[in-house]
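What follows is a short report on a single structure.
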Amino acid sequence: MAAQPRGGDCRGFVLLSILLGTPWEAWAGRILYSVSEETDKGSFVGDIAKDLGLEPRELAERGVRIISRGRTQLFALNQRSGSLVTAGRIDREEICAQSARCLVNFNILMEDKMNLYPIDVEIIDINDNVPRFLTEEINVKIMENTAPGVRFPLSEAGDPDVGTNSLQSYQLSPNRHFSLAVQSGDDGTKYPELVLERVLDREEERVHHLVLTASDGGDPPRSSTAHIQVTVVDVNDHTPVFSLPQYQVTVPENVPVGTRLLTVHAIDLDEGVNGEVTYSFRKITPKLPQMFHLNSLTGEISTLEGLDYEETAFYEMEVQAQDGPGSLTKAKVLITVLDVNDNAPEVTMTSLSSSIPEDTPLGTVIALFYLQDRDSGKNGEVTCTIPENLPFKLEKSIDNYYRLVTTKNLDRETLSLYNITLKATDGGTPPLSRETHIFMQVADTNDNPPTFPHSSYSVYIAENNPRGASIFLVTAQDHDSEDNAQITYSLAEDTIQGAPVSSYVSINSDTGVLYALQSFDYEQLRELQLRVTAHDSGDPPLSSNMSLSLFVLDQNDNPPEILYPALPTDGSTGMELAPRSAEPGYLVTKVVAVDKDSGQNAWLSYLLLKASEPGLFAVGLYTGEVRTARALLDRDALKQSLVVAVQDHGQPPLSATVTLTVAVADSIPEVLADLGSLEPSDGPYNYDLTLYLVVAVAAVSCVFLAFVLVLLALRLRRWHKSRLLQASEGGLASVPTSHFVGMDRVQAFLQTYSHEVSLTADSRKSHLIFPQPNYVDMLISQESCEKNDSLLTSVDFQECKDDVPSIQQAPPNTDWRFSQAQRPGTSGSQNGDDTGTWPNNQFDTEMLQAMILASASEAADGSSTLGGGAGTMGLSARYGPQFTLQHVPDYRQNVYIPGSNATLTNAAGKRDGKAPAGGNGNKKKSGKKEKK
């Protein structure tokens, strides 16, 4: 409650002097309230919200609270009403003893702006204490010859209350021998004295009993009594006398317990019992007997407990000396306690932030504390310091308040916890200090993006990997903490060969493990460029990127593919021509193969596995060239079969084989003449041919043996002439259509027909039979076979000879002329200047087959001009089609041919570096064959 007016002091109002200033600045005035002691808990003291210019609800919002400097909290704030109320029972005498005015001061802290407001509350005394005597029995000895009017001091009563509530009067029970006199001391204390009114007579009454009553001025007044026992003794005409009316001593507060402080001394001139003096305390508080000891015989005063300047700096007491009969006198004792530096400074935290964000601006207040030292003077002067290497500084506020503020930017990643040591030192000698540690946690903010150890990575994975296999572990680091350091991984959206990157690989968003979603094929995909993004979980989130190159490593999963000679589709056997005049080292043909793999897996080597005539042919290990190993002999068979293996150098190695049929002859007529010794290949066409022959022979033999033979010969002769005429005129209408076998968009090389020559021994007539083809150089399609009228064609050589003048070969079409370099073969063995392309459609294929058939017909007539040089298969330059590897797939670059300069290019060249021989030589040989 507010202080009430008292006397002329106008304190019936609350004095509020407020000077507005910057945060942390002190108010120039103080707020004064008053409250009576012993009020109930929660009693109203003052409207603090109104006096601070706030609404009650703002007390909690702005963090208004009481700071009491370590003393027991006597007051509290009512957050609802905005009032200052009592926190419990208040005892004025306990707080201020007998001080005339009892003020309790504390501060109000407004935390939002760190403002301090000093508050004073005056504790109003109430009459809650009864005057009490030090002892309830007072013994007084009076000589019987004592004259009336003599005064005998009595023990006074004490009342802790002040003002009118303190001790005001004494009363003595009615008695005819005694009266009561009251004396007042300099400090206003009242001392009762017993006045002798009439002479005592010991023989009449030895003991007198009186009652002394002490009363205060409260409303209602309170009182207590003490019993006085007056003993009448014999005459004692001297009283003790102290050597000094007042004794003074000054001692330091740290004197040991039991130290003698001083000695009081009184003299009594009487002798015997009347002269024996005893000492005792007269006017002391209840606490003094616990602090000091007075030797009743010697008058020595010593300490019973340690002195504490901070509790009591000055003691005042009275001692009395009494002789045997009871005469007494009194003296005052003053003890002054000197302060020594025995208390270290104390640090009291008023406001402290246990955690601050790392982006806190400079000058932010993070702590408010109060320094105090219970010592006085220089011993109580306190200074405070912190280490210099910290991003903080101390600023002094009002009284002994200090604030701790930031001076530099904080970085949690550099230092996340600060141990701030506050060292408070007093000015004593020697100085005392105390350290207080403040642990300041720096809260993280998302100021660091995730980082990868490297900006790019190269990862290698073998092809044919299993789906779902882990490829690589991507890791990123974030120097932040908690959610700000929680990283998730993702792949940037992109397309690879028209498909999204997510169809190739995936990434675990938590662990960063890359997984392959499909089995990679080196031949289709050799490299993937990925971009991995790492995001943290901060607000806002930060991210960084990393590029990853995923290289697919080749495995030996593709066997070599043979481009030449091309594998036929109808079961026929390929054939190459080797002249009998060929010398050792003559290039017969070249096996061309490629491997879709790369590196060692595509490094091919060639090996002759099997040959019908061992030692006759040799195959280049790295070139695939089939050459004669020795000169050809007459005993060497016309048909030579070679099995060539092509093997790569992978682990394990893969291989492919091809069977070559080499005809040993100088020209096609010679081949046609000697073809009877060659066994036709087993196939469906040969089976049908045999059946037709058997049926024809049986029919002729059984029914029309002679007639049918003649008639059939004539019919066949006419039919054959018409065919030759058509062929010589360039019509080529009856030439069967052939198809070529393709491999990887590369057309197969030209195939040749297999011929069987049947020579009868009985006449001039011989039959040249053209059965189903079985040579590698030409294939007859099923469609062509079905269009022919018959499968056998007979030619009478004698009749043809007679009819030569009537059958003239038409001049060849110049559009069909080809250079010698255009014969079937590989680009690596051709050195001609002309270049050409593979047949790329059915029309070109049929045209080439027609040329081959025409040349074969001329050779059968003996007037062929197709005599070829060595290795030309009897074809002249004009009919030698140009075949190169221009259209070989791109993987031909993978072919390694160690030890050779030959490469798979489009450049044409000569077969063996020799010019083709003229056609006349072959014609002569053909003539010889006819004579046979």
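Backbone N, Cα and C atoms are what each Cβ position is placed from, and that goes for glycine too.
According to Swiss-Prot, the feature compositional bias 'Polar residues' maps to 806-841.
Sequence annotations record features per position, and here Swiss-Prot assigns compositional bias 'Basic residues' to 922-932.
The domain 'Cadherin 1' annotation in Swiss-Prot covers 29-133. Sorting the domain 'Cadherin 1' (29-133) by DSSP state (H, G, I as helix; E, B as strand; all else coil) yields 13 helix, 41 strand, 51 coil.
Annotated domain 'Cadherin 2' per Swiss-Prot: 134-242, in sequence order, evidence recorded as sequence analysis. Residues belonging to the domain 'Cadherin 2' (134-242) score a mean pLDDT of 88 in the model.
Annotation comment: Swiss-Prot describes 243-347 as domain 'Cadherin 3'.
Summarising the annotation, Swiss-Prot assigns domain 'Cadherin 4' to 348-452 and lists sequence analysis as the type of evidence.
When the domain 'Cadherin 5' (453-562) is classified with DSSP, helix, strand and coil residues number 7 helix, 49 strand, 54 coil. The domain 'Cadherin 5' annotation in Swiss-Prot covers 453-562.
Summarising the annotation, Swiss-Prot assigns domain 'Cadherin 6' to 570-682.
A simple way to gauge crowding: the CB of N419 (N-linked glycosylation site) has 10 other CB atoms within 10 angstroms, across all the protein chains here. Swiss-Prot lists N419 (among others) with the feature N-linked glycosylation site, giving sequence analysis as the kind of evidence.
Residues or ranges marked as N-linked glycosylation site by Swiss-Prot on the basis of sequence analysis: N545 (among others). The number of other Cβ atoms within 10 Å of the Cβ belonging to N545 (N-linked glycosylation site), over all protein chains shown, comes to 12.
Per Swiss-Prot, region 'Disordered' is recorded for 804-841 (among others).
Here Swiss-Prot flags 902-932 (among others) as region 'Disordered'.
Among the features that Swiss-Prot reports, signal peptide is placed at 1-28.
Residues or ranges marked as topological domain 'Extracellular' by Swiss-Prot on the basis of sequence analysis: 29-692.
The topological domain 'Cytoplasmic' annotation in Swiss-Prot covers 714-932.
Annotated transmembrane segment per Swiss-Prot: 693-713, in sequence order, evidence recorded as sequence analysis.
Reported as a whole number, the C-alpha separation between N545 (N-linked glycosylation site) and N419 (N-linked glycosylation site) equals 37 Å. The helix, strand and coil residue counts that DSSP assigns across the domain 'Cadherin 3' (243-347) are 8 helix, 48 strand, 49 coil.
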